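Taken from Swiss-Prot as is:
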type	residues	note
ACT_SITE	Cys46	active site, nucleophile
BINDING	Thr45, Cys46, Asn47, Arg48, Ser101, Glu106, Asp107, Gln108, Gln112	substrate binding site
BINDING	Gly177, Phe178, Gly179, Asp180, Val181, Gly182	NADP(+) binding site
SITE	His91	site 'Important for activity'
Amino acid sequence: MIQLLALKRDLKVEIREKFSIIEKRIGDKDVLLKEVCNEVVILSTCNRIEIYFNSEKNRKQIIEEIFSKMGWNINFLENFFYCKGDEAINHLMEVACGFDSLILGEDQILGQIKAAYDTALKNKTSGSELKKLFQLVITCGKEFRSISMLNRIPVSSASIAVNKARQENLRRFMVFGFGDVGSLVCKYILSSDFDVLYIVVRNKAAVSIKDKRIKVLSFNEKNSYYDDVECMISCTSAPHPVIWEKELPYRKFTIFDLAVPRDVEETVYGRNNIDIYDIDQISMIDNNNRKKRKEIMMANRHIMSKYIVEFYDWQKVQEIVPDIIKLKLYGESVNKRRYETFKNKKATKDNDMLVNMLIKSTSNVYINRAIEVLKEEQLKGRGEDCLRILRRIFQK
């Protein structure tokens, strides 16, 4: 059965970051959990850790094994919620469509779900059920966004941070990291007027934006440019801070920390001349489009139901897959016997007559058996039901 073990939504970032997984380690964790689960996909973002898995083990045992493999202290279990079956499937659908995001309808989660699925595929940790579920979830998320046209009012932590900086008339930026979030931050900054943008990365060659207002820096160079900056937006995947209090000049800054674990040293939060927002505070910033997005999303919620039903229908069909395989194997054996007969007799018989005889013999195998079953079912009082099925099979 498909199950879910996930961090609760209302946890503070200080707690969430204790369980964060570095992006490049997610595949390794998938493989570790596959040792105790039949199949597994880990969805890890700045706002969530969700482990989707399939297992026949009892709840207590599998949760303890997952915690052990992840290196988590079981005493922190109270920070997690668990569900299975319908509830787990519905939850993933809601996540994909943006209903479960701290920033309602945010447009990054679908890409993150696809990345989680691709990682599981690459590491061979997803089996048939999770493969089918994630394929339908991704398709559902795309259709939901297309029909609801949420792209007309896009929202993400990146857009909220940049818009907030605009409202405060900040024009001199420094962005840390140029991954999915960092590149999105830069895109939003570039979409409007600004004075200067410093992009701090480990590999300077990764940034190819051509704009005289942009300067690409290494992490070793960043400190020399702090005095020229009004706003910092940090979104690296580093497991440790990249903005340290001892390195910051004693002057006013506005800092948006979009990372989990946080990129900004905790003592910086105590500086009274620095306005700093972590990912939770960014999610709470008033957004004029929130009510409108919610109305649009609720009006299109039925799209999820269609894909949930499709998944349940697929599950039902899987119950008879072994019988379908047996039917196909039986058909192959019937074909093989008649082909062998043809090979052995084609030199001594009229081929047209031989082929006609073998084709008729092949059809008789199924027709005669169907007649036998129909007679048996008629005697048992189930003839009408059997006949209705046989008509669907043999009559158009």
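Keep in mind that glycine also has a Cβ here, set from the backbone N, Cα and C atoms.
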Asp180 (NADP(+) binding site) and Asn47 (substrate binding site), Cα-Cα, nearest whole angstrom: 15
Residue among the binding-site residues Asn47, Gln112 whose Cβ has the most other Cβ atoms within 10 Å: Asn47
Other CB atoms within 10 A, centred on Gly177 (NADP(+) binding site): 24
When distances run from the Cα of Gly177 (NADP(+) binding site) to each of the recorded positions Cys46, His91, Ser101, Gln112, the nearest one: Cys46
Distance from Ser101 (substrate binding site) back to Gly182 (NADP(+) binding site), taken between C-alpha atoms, in Å: 19
Binding-site residues listed as Gly179, Gly182, least Cβ neighbours within 10 Å: Gly179
Residues satisfying Cβ distance under 8 Å from Ser101 (substrate binding site), sequence separation of at least 6: Asn47, Val95, Ile109
Asp180 (NADP(+) binding site), number of other Cβ atoms within 10 Å: 16
Substrate site, defined by Thr45, Cys46, Asn47, Arg48, Ser101, Glu106, Asp107, Gln108, Gln112: further same-chain residues with Cβ within 8 Å of the Cβ centre: Leu102, Ile103, Ile109, Ser156, Ser157
Remaining residues near the recorded NADP(+) site, that is with C-beta within 8 Å of the centroid of the site residues Gly177, Phe178, Gly179, Asp180, Val181, Gly182: Ser183, Leu184, Val185, Cys235, Thr236
C-alpha spacing of Asp107 (substrate binding site) relative to His91 (site 'Important for activity'), in angstrom: 17
Rounded to the nearest Å - Cα separation of Thr45 (substrate binding site) and Gly179 (NADP(+) binding site): 13
Distance [Cα-Cα, Å, rounded] between Phe178 (NADP(+) binding site) and Asp107 (substrate binding site): 18
